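Notes for the one structure printed next.
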Amino acid sequence: MSYLQTMPPHDIEAHLAEHDNKSILRFITCGSVDDGKSTLIGRLLYDAKLIFEDQLANLGRVGSPGAANGKEIDLALLLDGLEAEREQGITIDVAYRYFATSKRKFIVADTPGHEEYTRNMVTGASTADLAIILIDSRQGILQQTRRHSYIASLLGIRHVVLAVNKIDLVDFRQQVFDEIVEDYLVFAKELGFASVRPIPISARYGDNVISASANTPWYKGPALLDYLETVELDPPDREKPFRFPVQLVMRPNADFRGYAGQVASGRISVGDPVVVAKSGQRSSVKAIVTYDGNVETAGEGEAVTLVLSDEVDASRGNMLVAPGSRPFVADQFQAHVIWFDANAMMPGRSYILRTETDSVSATVTTLKHQVNINSFIREAAKSLQMNEVGVCNISTQTPIAFDAYKDNRATGNFIFVDRVTNATVGAGMIDFPLRRADNVHWHALDVNKGARSAMKNQRPAVLWFTGLSGSGKSTIANTLDRILHARGKHTYLLDGDNVRHGLNRDLGFTEEDRVENIRRVAEVAKLMADAGLIVLVSFISPFRDERRMARELMDEREFIEIFVDTPLDECARRDPKGLYEKALAGKIANFTGVSSPYEVPENPELHVRTVGHEPIDLALEIEAFLEKRMDDE
Amino acid sequence: MSLIHLRRLEAEAIHVIREAVATFSYPVALYSIGKDSSVLLHLAMKAFYPAKPPFPFLHVDTRWKFREMIAFRERMARELGFNLLVHVNQDGIDQDIGPFTHGSNVHTHVMKTMALRQALEKYGFDAALAGARRDEEKSRAKERVFSIRSAQHGWDPKRQRPEMWKTYNTRVGNGETMRVFPLSNWTEFDVWQYILRENIPIVPLYFAARRPVVRRDGMLIVVDDDRMPIQPGEEVAERLVRFRTLGCYPLTGAVESEAATLPDILREMLTVRTSERQSRLIDTDEVGAMEKKKREGYF
C-alpha cells in the first residue's frame, strides 16, 4: 500500500489525474527458501517509507525471536501473514502488496520458495511482467533458482532482476557477484528473457535497494527501486488481433441481446466486422454498451457489452474475433503443462479443461516428454508428478478457440481441474494445434447404431463389472452371457485377462498402464455398443476416474456399472488363480487390494454381494434389471 | 497507452462479478454498508447494465451498527431498487449477546460469523461476493479472488487453489461455497479515488463532524446510543472525528480529522501514518486474529 508523502498537494484533482496515469509494473520475487524474498520486499517498503506505523509496531507483537528487538526489525514478518508461515519462518502462499512512487505504481507478488508450493509461485508469475530472482551469495545458483527461472520464462515473463542477495555475508566481494552472474547468464541463455539485470544486494541492511551502496563501489548500475521505476515494459496487448471471450449473454428483455466480456487483446469499434470463432459466423458491432453510456471503441482490458447487427449463435466459452486474424479452433493441440497435484497426471485420464470462459472435458493423449529443470533436457516420462513440467498432446471433447500462449497470454492458457476433488491440478500453456485435429473428422455413417440394434431387436448396453480380483466378476458375467445368448440376444464378453493377451499385451500393471488399459477397453466397448451389441466388460477397473471416463463415452443410460462386492479376505480365500498368495508374499507389485488401491464405486447401477449367493441368482438379478431398463425406454 | 489504473481495476472487478454470476447457481453479495460495499454495489450495477444485478445483497446485522448506517442502507435499497436481505442471528438475540457484555471476540463470532453461516445456509447461496481487499490486512493479502470455503464455512489457507491469469476455478463440491473478492487488488486509496470519480454515495460517518466521543483502550469510541456504558472516570466529549472503516460502533475507533469532503479525505490519505484497520478492535484482539476468524467462517 501506499501513498505516504510528506507534503499534501494543493490541487488534489490534478494530483489524482497524474497519479492515475502512472504506468503499473506487476512483478514477483522468487528463488530458493531463505534467499530473503520477503525480507527484500519488506526492506523496499520500509526504506521507501511505505509502511504504516501500526503495521511496524505490530511486528513487535507477533513475537518472533528476531522481531523488533529495538535495533533490527524482522522485515519478512510484514508479508508472512499466515500463522503457519510465522511458525515455520517460511512463505507458503503468495502475498500481494501494492505501492506507488512518484514514477510508477507497483503490484508485487511475494511468492514462496519451497518446492512444495510451486503452484503458488506459478499463481504470482502468471500475471507478472518482471521477476526478481533472488540468489544467496553464499550458495550461488540452486535447483529452485533454475526451476523458478524456467517457470518464469514458461509463463511469459520477459524481464528478470537477478538480485544477488546477502552480499554483506561475503564481504561485498565483486568476484563472488561476477561469478554468480556469469553462471546465471550461461544457464538463462536458453530461457529467452528480453533482459536480465544483475544487482548486488543486502536486503537485511538495504544495500542497493533504494539507493546506491557505499559498500559496493565496484557496482555501477542502478539500485533496485530505480531500476523497477524505469525498466521499459513491452507494449500492451492493444496492437494484437481482437479477441473477446464471451463471458455472459445478457438478455434482460426481448429487445436486448448483448455479449458481456473483457477485451483480451486488440481493439474494437462500432461498425467493425467480427466473426464468431467456433462457427465462423460473421456479423458486425452495432453498439458497445456500458453503464456510463454507449462508447465508440473499446480496447484490451476493458469490460464491455457488445451488441451485434445479426442474430448469431455465440454463448459463454465462444470468442468474438477479428475476421482477418482468427484464433485456432481445434480439439487437439500441444501444450506445456505444469502439474500441481499430489496425484500424478495420467495420460488417458479425463480432466476438466478450463480456459478463461470455456470449460470442456479433456484428456492427455500423449505425454511427449518432461523437462528436467536442472538441465532443461527432455526426458521420457509416463506420468507427470507434482511440480513437474511436461509437453503434452491434449484432446478435448469439443473444440475450443485459442491462440498460442507465446502470442497471447490471455487466450493461450488453461487450467486442469480434477473431476472428483475439484482441485486445480495443473496449468497449461498452449503451443499449437495438432494438424490431425484439422484433418480427422468423425465420419458420419449411413448405417447407424439405431439401425444396427433394431435389426438385432435389442438395445445396446455396456454392462461394466468392477470388483477385486477373485470377487466373481468373470463367473457372473459368463453366466449372464449364457442366459442372454440363450434368449437370442447379441452379446460379447470382454474379459480383462483375455484382452491383455492381445490388444493390451504391451501394458503392465503400473497406475499409468492401468489407466491406458481401461481407456482402450472402454473404446472397444463403445464401438461394440455402436454395432448394436450388449457388451459385458469384466475388468477390475480399480479407479473411479476411469470408470467415469468409460461411462461418459457411452450414450445416456447405456452404461450399467455393476459392483461385484466381495470382501478382500474372501477373495483371497477363493484365490482362483493363486494370485493373492503371490501378492501377499510380495511377488506381485501393484496388486489391487494388496499393494494398490481399489476405489469402491459410489453410485453403481447395481451392487451385488457374492457372499452367500450363487452366481446364477446374481446373473438372473442383473438380467431382470436389464430387461426392466429396456422396457422403461 | 495503457488503460489507466482505476479503469483497469474497475474492469477487473466487473469481470470477476460476472464470472461469479456465470458459474454459480445462487450467488449473493455481502453488503456491510461501508465504503468497499458501496463500491461493490456500484460495480455490480455497472456489470449487468442494462439489467439490474441478478443477485440479492445480504446485510448481516449485528444490531450494533451505527444508526446512520442502517438509515443509509434503507435509503440505498430504496433508491437503487436492489434486492436487500437482512439477517440477524436470533440465537444471539435470545442470549442477548453484545460487545460490552461478552467482549469483541464472542460478539463477532456469534453475531457476524455464525450469523453469516446461518444466512448462507438458510438461502442456499453457493457463492458470496464481498468487498474485502488484500491491502487491508496481512492474511487478507494471501486470499485468492475466488476463495473456497468448506461445507463448515472454514477457510484453509493450505487448501487454497492456485489462481493463474483470469482463468478461475469456480467448481465447488457438495456443501462447499465460494467467497469472491472483486476488489482484491484495490487499495484504500483506490477506493477513495473511485468514490470521488464515480460520485458514489457513502455513509456520512466517513466525513469529519463533531461527535460525542469516549477515549477507551487507546481508541476513540463514538457514543452512538444509550446502550454504551460509561465507566467511572470516562468522559463523553465532543470531538471533530471521522471513520476510515465502519463496523460495530463499540468496536470501531474514530480518527480525529478535519476532512469533511472527498478531496479532503484523499489529501489526508496522502499524509496518514497508520493503516485503516488500526481502528478495528477485532483485528488485534489476539495474534493472527483475522486469520483465526476467517478459518471459522468470518469473511
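In case you wondered, yes, glycine gets a Cβ from its N, Cα and C as well.
All TrEMBL annotations are machine predictions without curation.
Not measured: the values here are computed from a predicted model.
If you look up TrEMBL, you'll see A:S541 marked as active site, phosphoserine intermediate. Annotated GTP binding site per TrEMBL: A:31-38, A:110-114, A:165-168, in sequence order. According to TrEMBL, the feature ATP binding site maps to A:G467, A:L468, A:S469, A:G470, A:S471, A:G472, A:K473, A:S474. Under the heading domain 'Tr-type G', TrEMBL lists A:22-236.
Features per TrEMBL, on structure.
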residue: A:G31; record: GTP binding site; DSSP (3 states): strand
residue: A:K37; record: GTP binding site; DSSP (3 states): helix
residue: A:H114; record: GTP binding site; DSSP (3 states): coil
residue: A:I167; record: GTP binding site; DSSP (3 states): helix
residue: A:G467; record: ATP binding site; DSSP (3 states): coil
residue: A:G472; record: ATP binding site; DSSP (3 states): coil
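Model confidence over the domain 'Tr-type G' (A:22-236) stands at 83, taken as the mean pLDDT rounded to a whole number. Among the recorded positions A:D34, A:K37, A:H114, A:S541, the residue whose Cα lies closest in space to that of A:S469 (ATP binding site) is A:S541.
Using the Cβ center of A:G467, A:L468, A:S469, A:G470, A:S471, A:G472, A:K473, A:S474 for ATP, the list of other same-chain residues with Cβ within 8 Å runs, in sequence order, A:I540, A:V564, A:T566, A:C571. In terms of C-alpha distance, the listed binding-site residues A:G31, A:D34, A:H114, A:I167 place A:H114 closest to A:K473 (ATP binding site). Every protein chain considered, the tally of other Cβ atoms within 10 Å of the Cβ of A:S541 (active site, phosphoserine intermediate) stands at 26. A coil conformation is recorded for the residue listed as 'active site, phosphoserine intermediate' in the three-state DSSP classification, outside any helix or strand. Close to A:S541 (active site, phosphoserine intermediate), meaning Cα to Cα within 10 A, are the following binding-site residues out of A:D34, A:G467, A:L468: A:G467, A:L468. In terms of C-alpha distance, the listed binding-site residues A:G31, A:H114, A:I167 place A:H114 closest to A:S474 (ATP binding site). Within the same chain, residues at least six positions away from A:G470 (ATP binding site) with a Cβ under 8 Å of its Cβ are A:T566, A:C571, A:A572, A:R574, A:D575, A:P576, A:K577, A:L579, A:Y580. For A:D34 (GTP binding site), other Cβ atoms within 10 Å of its Cβ number 16.
Across the structure, A:K37 (GTP binding site) and A:L468 (ATP binding site) place their CA atoms 51 angstrom apart.
Sequence-distant contacts of A:G467 (ATP binding site), defined as residues of its own chain at least six apart whose C-beta falls under 8 angstroms from its C-beta, comprise A:K473, A:I540, A:F563, A:V564, A:D565, A:T566.
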